[in-house]
Amino acid sequence: MRAGQNGNQEHIVFLTSKEKKSSSKKAVILIGVLVGLFAVLSVAAFFVWFFVFRDADSQNSKELKPSVKLFSGQMKLTGMSYDQKLEETTSQEFQDSAEKLEKLLGEYYQNDPLLTKYYTTSAVTALVTDLEIVPEFSEERVLDALEKGVEVQRSRTSLNDIKVMEITASRTDPRLARKPTAEDCFFRLEAVEDVQVFSSPGYPNGNPTKSYCQWQIRASEENTISVSFPFFDIEDDCNNDFVSIFNSLSPDYSHAITKQCGQRPPSNPLGVVSSGNIMLINFIADTLVQKPGFEAQYKVIPKAQVRQCGGDLTKSEGNFTSPLYPSFYPPGMDCKWTIKVSSGKKVRLSFNMFRMKEPGVDFRKCHKDYVEIMGKRYCGEMLSLALTSESNVVEVSFHSDRSYTDKGFKAEYSAFDPVNPCPDKFSCNNGICISKTLKCDGWNDCGDMSDERNCRCENDQFPCSNGLCKPIMWICDHVNDCGDGSDEKHCTGCEPNEWQCGNGVCLPQDVICNNMKDCADGSDEASCETSPRNVCSDFSFKCANGECVNKVNAECDRVNDCSDSSDEAYCQCGTRPYKLNRIVGGQNAELGEWPWQVSLHFRTSGHVCGASVISERWLLSTSHCFIVHNSPENLVPANWITYSGLQSQFKTEDAQMRKVKRIVPHPDYNPITNDYDIALLELSEPLEFSNTIQPICLPSSSHVFPAGMSCWVTGWGAVREGGMGALVLQKAMVKIINDTVCNTVTEGQITSRMLCSGFLTGGIDACQGDSGGPLSCFEESGKWFQAGIVSWGEGCARRNKPGVYSRVTKLREWIKQETNI
């Protein structure tokens, strides 16, 4: 038996019924240590240590409140005979041994002058055998007392000569502590080759409130344990509702694998693997919100199979992944791939998926989990990572320590000729090949800015002071696109000591927040905490009782700003039930990623326009989809079918189909100028909201979507100008453009009911945004708001040509008038 290179348990032997004979093998105890205020608590049977600490904020309180702290860890013991019955916490053998060990620990803490005043008791939670560990001292005082006690104990013989050899301890959530004899929602499982299933209590009808459950999973010594969650839906609050998984039999955070909450889509299931033959899973539901819960499948994977990673890659191209991808990689892994291509060639490496994050780890140092290439470590989360080797051989090393794992990486490699690395393309300094048309287009397509150096700016570009060229529509958008701030200089005609109103008028700085409406649009009183509720401006949120809240974007921000709470009254919107990866590459949208997106089909023509869900019965789209010259049939509701919750146009059976009861175009729609380009569709039957169908939030008329804000446009538009429509829902990140700049670029065609955005990535030769589709913007409140409706533009994502949208804030009152939403 040996310790892993990363300090992990290599294996633990669980005796079968035929191996119950006692032995003198060394044993390991897994310890939960609870640090609290009172000496008498209901969990006294735990292996716990209690200490009395007064919270800083309770010094002047008449009532002393308990401050509970839990520590859990492991000890390696020698001189203790082992028996199979020690694994059964209800057996007399376990209880006798636990009593001796608890007494031993009590002696350690009673010898510490500080902790002896607070310590109460301890409890052994599990006994196993043949476990090697490396100590990690995360709580100095607690461990110091243990170590001193161990040294004293080693110098004498007591308690049947049991000796403590090694120790770990870490701070733990008290809710994870369980009595060793617990029966309430406490399960002991054995993993085998066949897939077995367990689930949260009440699944799928909803877990009971205040649920605290624990599963201990064991396997034979030659195996590891794999657990996957085909269904996972709990409250998206990782402080109070979560699943935590440990690479041990105690909730020791130095052996934590992951902590998860929320809801995961079928395309992104949670899967974890242990490094040894034990695993602990905790489920905490500490709120009154009931969710379906989870279903989990578990089985064994031979340890030899898990350890099979790395190797020699000698083909001219290929791919490789982190261990067991797309499941979370196991703890305690070290792998090395040696890529060797033909002499005279070099290697191009590209990571299409890279996620190795850990709480509290600085991605600039990467001292925990990392990939190392050519002497540099990489960790964290990246949309893409591209590198080139210095010779025909390159080594890629992967390392995971014993705590916290992640999804890992997916990489591909290819050989290239350094003399001509990118035939007919532009060669980036990092080895990536891009189209020559992307050179000097204002976008960092290479990722290392090499395509934007030494450029000569075109007429539709702004020359930055540092030599870069940026799209002219990006100037004065409050974003430092140039990097030297030159695109944001000279953007106002006001003096430094003046305030510029929203309408461009300059006033003295002292007019700001003086409780008077000095600017005609009231922008001088926007977001002024001291402004009275009777001072209303164009930026004020108007409460249902007539009051005004002078706070930018007050609605649905989880703060009751109105005295009648009307700013938070209609906020069951703008959420994505599925927990998706924070960074998702490519242009294809995942299932449930944009649950308000709708596909409008006309007769037998298939998909024609987009729309968005704003309630169970109403969709939002554009008038020009229905008011078409010489086509009166476009205004006939019976000619249209809507599909909500759709991802692929080939899978309409997976979506909710609804007929259209009524089409309501805006009465002032102008087909020549596209002004007031908005329409409402009333459905014949209400939608049933689900994981893939949700309404998007409609902003109030005072909501601000500032220039430079990043948003998303989605749809099944043509994949290229003049081309066929996409089959899978497309997405593209755009940013909102300064109104004045946009009006200049479009030669004065913009009205106050329009807003502009431009693509944030060069070379998106596509029309991701269908006519009628939403422009979705994410706010800090956690809600998605619809800023615009795709209306018109010049061609399809042409370089430095903005897309034009109907501005929802300017049309919000009409929407409310027609729908009462």
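Every residue, even glycine, has its Cβ placed from backbone N, Cα and C.
Positions annotated as disulfide bond by TrEMBL: CYS428-CYS446, CYS440-CYS455, CYS457-CYS469, CYS464-CYS482, CYS476-CYS491, CYS494-CYS506, CYS501-CYS519, CYS513-CYS528, CYS536-CYS548, CYS556-CYS571. Sequence annotations record features per position, and here TrEMBL assigns domain 'SEA' to 67-181. Annotated domain 'CUB' per TrEMBL: 185-301, 309-416, in sequence order. Residues or ranges marked as domain 'Peptidase S1' by TrEMBL: 583-820. Residues or ranges marked as transmembrane segment by TrEMBL: 27-52.
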CB contacts for CYS519 (disulfide bond) [other CB atoms within 10 A, all chains]: 24
Cβ packing number for CYS556 (disulfide bond), 10 Å threshold: 24
CYS464 (disulfide bond) - helix vs strand vs coil (DSSP): coil
Under 8 Å by Cβ from CYS440 (disulfide bond), counting only residues of that chain that are 6 or more apart: ASP451, GLU452, CYS455, ARG456, CYS457, GLU458, CYS469
Spatial neighbours of CYS519 (disulfide bond), counting only the disulfide-bonded residues CYS446, CYS464, CYS506 and Cα distances within 10 Å: CYS506
Helix, strand and coil totals (DSSP H, G, I; E, B; other) for the domain 'CUB' (309-416): 0 helix, 58 strand, 50 coil
Nonlocal neighbours by CB distance (under 8 Å) for CYS464 (disulfide bond), same chain, sequence gap 6 or more: LYS470, ASP481, CYS482, GLY483, ASP484, SER486, ASP487
Rounded to the nearest Å - Cα separation of CYS513 (disulfide bond) and CYS491 (disulfide bond): 23
Integer Å distance between the CA atoms belonging to CYS494 (disulfide bond) and CYS501 (disulfide bond): 10
Nearest of the disulfide-bonded residues (CYS446, CYS476, CYS494, CYS506, CYS548) to CYS571 (disulfide bond) - Cα to Cα: CYS548
From disulfide-bonded residues CYS428, CYS446, CYS506, the one whose Cα lies nearest CYS548 (disulfide bond): CYS506
CYS536 (disulfide bond) and CYS428 (disulfide bond), Cα-Cα, nearest whole angstrom: 53
Greatest C-beta neighbour count within 10 angstroms, which of the disulfide-bonded residues CYS428, CYS457, CYS491: CYS428
Arithmetic mean of per-residue pLDDT over the domain 'SEA' (67-181): 62
DSSP three-state assignment for CYS469 (disulfide bond): strand
Disulfide-bonded residues listed as CYS469, CYS482, CYS501, CYS548, CYS571, least Cβ neighbours within 10 Å: CYS571
Between CYS556 (disulfide bond) and CYS536 (disulfide bond): CA-CA distance (Å): 19
Cβ neighbour count (within 10 Å, all chains shown) around CYS494 (disulfide bond): 15
